[in-house]
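S.K.: Please read through the structure below; I'll follow up with questions.
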Amino acid sequence: MSPWLKWHGPAMARLWGLCLLVLGFWRASLACPTSCKCSSARIWCTEPSPGIVAFPRLEPNSVDPENITEILIANQKRLEIINEDDVEAYVGLRNLTIVDSGLKFVAYKAFLKNSNLRHINFTRNKLTSLSRRHFRHLDLSDLILTGNPFTCSCDIMWLKTLQETKSSPDTQDLYCLNESSKNMPLANLQIPNCGLPSARLAAPNLTVEEGKSVTLSCSVGGDPLPTLYWDVGNLVSKHMNETSHTQGSLRITNISSDDSGKQISCVAENLVGEDQDSVNLTVHFAPTITFLESPTSDHHWCIPFTVRGNPKPALQWFYNGAILNESKYICTKIHVTNHTEYHGCLQLDNPTHMNNGDYTLMAKNEYGKDERQISAHFMGRPGVDYETNPNYPEVLYEDWTTPTDIGDTTNKSNEIPSTDVADQSNREHLSVYAVVVIASVVGFCLLVMLLLLKLARHSKFGMKGPASVISNDDDSASPLHHISNGSNTPSSSEGGPDAVIIGMTKIPVIENPQYFGITNSQLKPDTFVQHIKRHNIVLKRELGEGAFGKVFLAECYNLCPEQDKILVAVKTLKDASDNARKDFHREAELLTNLQHEHIVKFYGVCVEGDPLIMVFEYMKHGDLNKFLRAHGPDAVLMAEGNPPTELTQSQMLHIAQQIAAGMVYLASQHFVHRDLATRNCLVGENLLVKIGDFGMSRDVYSTDYYRVGGHTMLPIRWMPPESIMYRKFTTESDVWSLGVVLWEIFTYGKQPWYQLSNNEVIECITQGRVLQRPRTCPQEVYELMLGCWQREPHTRKNIKSIHTLLQNLAKASPVYLDILG
């Protein structure tokens, strides 16, 4: 064997790999302090021998200390001190536990840089005193101090005060050693001249004009004598303070309008605790228009603006230099108010070319005014020849409300020669005869068509030719439309509340090999696909269109024994290829086996001729995303009449637990949805919610998807890191999506990460960022969301436990179902 093969063959490659692995473990162990063990996020030192004498520090170029979230120290009798710089490197630290050790002293600034600390446990140490200054800047959930030999003094009186005023430390039996070296319950501690301080400001309210100066005075008192300091937050204006033992003053000069609404506090602090008195600063200033842009189209046309001013400015619009009189079709809407800043828009309902022009906004209050102008173009003037033909009659485009040229038009008609008038008269006679003949023919044709329609009321489905509207029964949700080949049908995004009906397809569901490997003999008798006669299906109107084909609202006869006909949603197959037909039949078998009260019901198929048809139950109120938006705080912007009632928290919990129930069922059947979102859930009567996906959502909600390559559309805003990076879809990835669905529900249908582009969303999710808690979301539900969004799939909450928790929360709040009317 050659020397090269001897040292570079496959066996040696495995040996080198093993050596590198051992070297990696050895290097990691060297980086961790003696008597401690380390991981990427945790340090624990529990071996008493040889033990540690100082707070553990990581070696340079080892694990990043910023990633450490928990430090556990136990049985370290020689650890006595935490110095100022011992903990500062662990800025991500959340849990610090030092128990059964020799800790005697903690430096005042030991935790100054550990703002993420939430849990501290110093049980059974040697602490005789502990100052509140260690913890005053922290938002602690737990501070456990039992088993320490505290000395009865004013230094620990703050612990007694803390127990009396708050629930933390919870149910702790704290003791201190009195002058006789006997244990005394901290609750009974009485120390003379040891009480809380007081602080008082001279003025409870402060109003000043921009650019002026003001001086605040504060007096403090208490025993022990407190320290006085000013908490000015992020005050922009220049300021300076002077303090003595019991008096202090704060002078603010050249006050900025940016400081209006900010709070200024005078704080008195001593060993026992602190007291503060606050004043709100109100700054009056002239208005400025900081933002005015060209109109954008959403539910209405909107010219967006932002105005600053205090007192609130009066707004006036001008159109082409003249005062714009607002009405219900053109009006100012203020959407967001932030003390002195107003975000809104000039809303225009269906503007035309008549509304094109210059729009000027003027904002005015007692301190001044500001104005800005924008040019708006909503649509071109009618008539395709206008732009290309300079001789096109200008009179066609005169403003209908300006009759100044009527006389000119009459004068021009008088200039026509008499011979032209005679020719025109002859042409008019011929036109009259032609109109009479055409009207007679049309009337006869209409009569024949009415007779044919009456005879064909229950005739064949008619999908090969134009699909007609058969009936107006049971369909008060929106007007019916005639649907024909080549005509423009109403899109699903423009329809009524039932505009989008979506059901499970092969696209978002990973094929279950256990299911597709079975034979017909293995299927249960009640799960065979039901075949529906084509003449029993009568179309009413088109609901939408996806990549697969169209979805129609229809009436289906003889489907249920107890009803002559029921409303259904039918999905047609556009692609008639052999592969598409095979997929169609496989999907039908799959859907037949998915039977649950919170999964959209699949009735069967129609395979008599083309196109192939799937029949699903009809959910009256359409997709959940539109339903949430229509019953949220912004519904007034979309409603044409009285806005619907806003969803309550209990109703949102009721919706959430139904979706979770459906996902528990899918997981039990070993199916992965891959596209769980509110747009793919449907709402029926009495707030009944079911999971589905007809695939139309990729067209209606195109901004929710991220195109990869030529055809693949991924819902990245609902996907976990492993699905984005490795296309790995599991039940755990569905759990992540369920967490996002909960976020959608409690934001009334907002798009996740709506303020970010798709690329920014991918970066955020892969870097570990999560969505913030919605304003209306209970803390328990947000913690549930966080449990769904754990980076490691195996650490995410179990789908059954999610459903159980949501079910319990929903039961605790009764649901009133009259919201749907």
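In case you wondered, yes, glycine gets a Cβ from its N, Cα and C as well.
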S.K.: Which candidate, Cys152, Cys154, Cys218, does Swiss-Prot give as the disulfide partner of Cys176?
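M.R.: Cross-referencing Swiss-Prot, the cysteine bonded to Cys176 turns out to be Cys152.
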S.K.: Hey, which of Tyr342, Tyr367, Tyr515, Tyr754 does Swiss-Prot call phosphotyrosine?
M.R.: Tyr515
S.K.: Out of Asn67, Asn485, report back the residue that Swiss-Prot marks as N-linked glycosylation site.
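M.R.: Cross-referencing Asn67, Asn485 with Swiss-Prot, N-linked glycosylation site lands on Asn67.
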S.K.: According to Swiss-Prot, Cys194 takes part in a disulfide bond; indicate which of Cys154, Cys266 is its partner.
M.R.: Cys154
S.K.: Swiss-Prot pairs Cys302 with one of Cys266, Cys331, Cys345 in a disulfide bond, so which one is it?
M.R.: Cys345
S.K.: Restricting the comparison to the glycosylation sites Asn121, Asn205, Asn241, which residue's C-alpha is spatially nearest the C-alpha of Tyr706 (phosphotyrosine)?
M.R.: Asn121
S.K.: Would you mind reading off the Cα separation of Asn178 (N-linked glycosylation site) from Asn121 (N-linked glycosylation site), to the nearest angstrom?
M.R.: 24
S.K.: For the domain 'LRRNT' (32-61), what does DSSP give as the number of helix, strand and coil residues?
M.R.: 0 helix, 6 strand, 24 coil
S.K.: Given the glycosylation sites Asn95, Asn121, Asn325, state which is nearest to Asn205 (N-linked glycosylation site) when distance is taken between Cα atoms.
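M.R.: Closest recorded candidate to Asn205 (N-linked glycosylation site) by Cα: Asn325.
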S.K.: Express the distance between the Cα positions of Asn254 (N-linked glycosylation site) and Asn67 (N-linked glycosylation site) as a whole number of Å.
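M.R.: Approximately 44 Å lies between the Cα of Asn254 (N-linked glycosylation site) and that of Asn67 (N-linked glycosylation site).
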S.K.: Sequence gap of 6 or more, Cβ distance under 8 Å: name the residues on the same chain that satisfy this around Asn325 (N-linked glycosylation site), in order along the sequence.
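M.R.: In sequence order there is nothing to list, since no residue at least 6 apart has its Cβ under 8 Å from Asn325 (N-linked glycosylation site).
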S.K.: Among Asn67, Asn121, Asn280, these being the glycosylation sites, pick the one whose CA is nearest to that of Asn338 (N-linked glycosylation site).
M.R.: Asn280
S.K.: Would you count the other C-beta atoms found within 10 angstroms of the C-beta of Tyr706 (phosphotyrosine) for me?
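M.R.: Its Cβ shell of radius 10 Å holds 18 other Cβ atoms.
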